[in-house]
Amino acid sequence: MLDTALNYTLAAAELVHVPMEKRSISESVLSGLNPTEVDPSNPITLFIIQLFIIIAFTQGLGWAFQYINQPRVIAEVVGGIILGPTVMGRIPHFTDHIFPKASIPYLNLVANIGLVLFLFVIGVEVDVKVMKKNGIACAAISIAGMVLPFGLGAAVAVPVYHNFVETDKVSFGHFMLFIGVAMAITAFPVLCRILTSTKLLDTKVGVIVLAAGVGNDVVGWVLLALTLALVGSGTGATAVYVLLCAIGWSILLLWPIKKAFVWLVKRSGSLEHGPTPGIMTLTLLIVFTSAFMTGIIGVHPIFGGFLAGLIIPHEGGFAIALVEKIDDLVSLLFLPIYFVLSGLATNLGLLDTGKIWGYIILLCFIGFAGKFVGCAGAALAMRYPLRESAAIGMLMSCKGLVELIVLNVGLNAGIIDQKLFSMMVIVAIVLTFITTPGTIAIYPERLRERLHGPSSAAAKDSEKTMTGVGTVNNGLGGRDNITKFLVILQKLEHLSAVMFLTQLLEAPQIVQRKPFDAAEAVGHEMKKGDTTDGSASSTPDQVLARLPTSSTDSRRDSIPASSRSTGAPSIDALKLIELTGRTHSVMQSAEKDQLLVTDDALQLFKQFGRLRGLEVKPHISIVEQDSYPQAVSDYAYDLDTELVILPWTVPVSGSSTELIDPSIVNKENNSTSQFDSIFGTESSGSPIYTHFVRRVFSECLTSDIALFVDRGFGGSSSLNFQPGSGQHIFLPFFGGPDDRLALRFVVQLCKNQNVTATIVRIEKPDSSTNSSVDDDEDETAITPGIKHDNIQLHQAALASNQLTVGPTNSAYPETQARLASDTADNIAWTYYAAASSAISSTPRPESVENALSRISFFSTKSATPLQFAYRCASSAIQSTTDKSGGSWRPMLIVTGRGRRASSINHSQELNKILADMKGLNPSVGAELRKTLGDPSTSFILGGGLPGTASFLVMEAGKK
């Protein structure tokens, strides 16, 4: 007996090892192995081939479809159909070798894992707070968008059931319920992507559609779960038990498990710092446990993933951080596999009769009309305008990915067959395809009302015309004191730059406060000598408790009215976040309020402003990267901003004190990129950022703009920079509106008693005379060895790819305008540079007089103004470094950009300077000139001491 059992065991053991012996560990394609054969012991080889084909094909189609404004899901669905029996399956042996039947279970397993995770992400996207914000309108549109298409779907189910369904195998009640759900459901994830691509997320239409889509999504999944429970149960009693078990698990998950999970998230600090590895592990265990429970109950496992997503808290940006960790893996790896499996089950070759295509058209009409009429009608009933209502109806008719999931569930459950499945896939593709172009046609961008930005341009124009913007001094032709700032933040590294500029602003007046007298405050509760510890009380009798108050009235009365500040500056900080097609990016847009509280850069800058006594209001704009300049323009317009500040952090790298490495300028052949050495390799110093800066200069016309090129502390230079309190500013004044703006702003900065400045006015001499010329260099002198063609190369590089509105030759084209500008320059210079006794008009305010006492003015003429300004800047840096006891930063050089209307045309002189730099790529100098203007470019490319300075480039808006 024992021998028999032992022999049986050994035989079984030999049978187990036989498949492993068929393949040697050294077997490879070199020895004749066919990698497309299915090997159950090693399926990874064929799986990698399939995965590569799927990802490459779907991503390639997605790249092509974006040019016709279609979401990526359309490309993935079409790609799956092409790889299926409809197209590629007709190639002999393609399906047998690439997608053999034996390999489908492995793909199906991976796809279902991804589908569970995808439904979990959808559940996380559901935020009840979004629905509550829109209340009645959201509920009305969501209900109307479910009831009417469900009823029309139930009606069309009658002829479809009798023509395309085996009536003896499928109950009409189950089929009617399934078709109703398929017609009523909205593809919420695809809807979010369409709102992103059409730039509707920050509009009234986008907000209401997002809220209504959440409610529609939840109800749709519940109805589908009900359908599957009824189909999967043999009797009515079993269906009731399935539903009760599903409800019981939902209650258990959404109440005690959710409370425990939220407690653990708070306990682990994940709300403040993002999910920890332990919380991520726990989350995944909950997701797959919930999928397991709904699967064994009799409902599809995907509903378990959806329910698990509902327990994720949205406070502190936790949900966004969680989705960010798994979003790319799901959308780029798992979902394309699921789409290909759907394509393998779709055979358009079966749709070969006119009757079938007639029903396809009917289903398309019913699916669109039910959604459009129901949602648009509800929106009209809620007093929405006609175009907005039509856009809401068009967007809610989107099907896409969720429709495919519903159809696959119905196909696997036996409710529909392959022919009807293929018909419904065509319906889903058509309805999703028409959503984007239909929405753009109905609701074009010129008619959109955004929640942030100029919602009513005409009204605001009239309001600004009546009230004015800022404090304007007519004698100077601009604002005498800038009080409304808009600071643009993109990265945490920008904080150092904006904090430095904020430090330069005039500090609020110190308020003297009476110290808190504890004895006086509690005196009414004590009697003289009534002490328990034997000590004497100094509190007088019958003195009532009083809170300490500020004693500033007498001090304020002693300050002359003219020297009082016109008001503390108001600073709006705008954080720009890129809106992508990823799920977490869409969630960020829907949860801006949470980001305002949790964003590190905004909160740090706000606290810094509080410490300085300044009001800082944080804002967040989540838009596509191409829309950054428009967002800046919109916010500047909407907030009545007087000066927009763009930080550009490009610190000096290595041991060199210059902005570019001298070896690059001096060597003609060098493998290092000159462009990278100037603009850096990070996004804050990349050509993409310079393009953004140039577009802001070009498009933001209602406000003045200041570009702050922050050079940090100058690198490890030989100047031995010593930190201290105070800052010195150098301003070369050439004339023009940009330079006049820079002049006024430097005077405003010098109202801060810790700020000093040197201002040099440099004019070109008249061509008819050479008198009073400080420089003995001739304008036409060309450095020996410079070829004329080098100058032409730099001029041609400057002329290419212009963005800034206005001529490249920035001199005034008309004599009258030139004379007006020169007059304005003289008035501004005389107002600030002349002594008080020499001003015959209105006397200057005492605050301006105090600021001017810390400014040194100098005026001269030079045939080469840029070179003279460079030498002045070098002398100023050397002098302040030798004599001062330290400062906040190395010297700040303020210049006008001069790209629109400069009094002096620096083009010819700068071309010669750039041509003198052997080996300098013309595109480097041209990019700097287009971004910063000619004066700053001459300082930066000149290297030396000015290369260690920071630059504030200012441009006056067109008002």
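Including glycine, each Cβ sits where the backbone N, Cα and C put it.
Just so you know, TrEMBL annotations never went through curation; they're auto-generated.
Sequence annotations record features per position, and here TrEMBL assigns compositional bias 'Polar residues' to 532-541.
TrEMBL lists 54-440 with the feature domain 'Cation/H+ exchanger transmembrane'.
What TrEMBL lists as region 'Disordered' is 525-567.
Marked as transmembrane segment by TrEMBL: 44-66 (among others). With a cut-off of 8 Å between Cβ atoms, the residues of this chain six or more beyond the transmembrane segment (44-66) that come close are 35-38, 72, 74-76, 78-80, 82-83, 98-100, 103, 106-107, 110, 332-333, 336-337, 339-340.
The list of residues near the transmembrane segment (73-91) in space but at least 6 beyond its ends in sequence, with Cβ under 8 angstroms from a Cβ of it, reads 53-54, 57-58, 61-62, 64-65, 99, 187, 189-190, 193, 335-336, 339-349, 400-401, 404, 425, 428-429, 432-433. Summarising the annotation, TrEMBL assigns transmembrane segment to 73-91 (among others).
Look at TrEMBL and you will find 103-124 (among others) tagged as transmembrane segment.
Annotated transmembrane segment per TrEMBL: 136-160 (among others), in sequence order.
Annotated transmembrane segment per TrEMBL: 172-195 (among others), in sequence order.
Within its own chain, the transmembrane segment (207-232) is flanked in space by residues 122, 125-127, 130-131, 133-134, 137-139, 141-143, 145-146, 171, 173-174, 177-178, 180-181, 184-186, 188, 191-192, 195, 200-201, 239, 242-243, 246, 298-300, 303, 306, 375, 379, 384, 392, 395-396, 402, 406, 409, 413-415, 451, 590, which lie at least six positions past its ends and keep a Cβ under 8 Å from the stretch. TrEMBL lists 207-232 (among others) with the feature transmembrane segment.
The list of residues near the transmembrane segment (238-257) in space but at least 6 beyond its ends in sequence, with Cβ under 8 angstroms from a Cβ of it, reads 225-226, 229-230, 232, 286, 290, 293-294, 297-299, 303, 307-308, 310-311. Among the features that TrEMBL reports, transmembrane segment is placed at 238-257 (among others).
Feature annotation from TrEMBL assigns transmembrane segment to 278-297 (among others).
The transmembrane segment annotation in TrEMBL covers 330-350 (among others). Within its own chain, the transmembrane segment (330-350) is flanked in space by residues 51, 54-55, 58-59, 73, 76-77, 79-86, 89, 95, 99, 104, 107-108, 110-111, 113-115, 117-118, 121, 401, 404, 407-408, 411, 418-419, 421-422, 425-426, 582-583, which lie at least six positions past its ends and keep a Cβ under 8 Å from the stretch.
With a cut-off of 8 Å between Cβ atoms, the residues of this chain six or more beyond the transmembrane segment (356-380) that come close are 137, 140-141, 143-153, 155-156, 159-160, 163-164, 183-184, 186, 208, 212, 386, 388-390, 392-394, 396-397, 399, 419, 423-424, 426-427, 430-431, 434. Per TrEMBL, the feature transmembrane segment maps to 356-380 (among others).
Under the heading transmembrane segment, TrEMBL lists 392-415 (among others).
Annotated transmembrane segment per TrEMBL: 421-443 (among others), in sequence order. With a cut-off of 8 Å between Cβ atoms, the residues of this chain six or more beyond the transmembrane segment (421-443) that come close are 69-71, 73-74, 77-78, 81, 164, 182, 187, 190, 194, 197-198, 200, 205, 342, 345-348, 350-351, 356, 359-360, 363-364, 367-368, 387-388, 390-391, 394-395, 397-400, 403-404, 407, 410-411.
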Candidates 103-124, 136-160, 172-195, 278-297; stretch with most C-beta pairs under 8 Å toward the transmembrane segment (392-415): 172-195
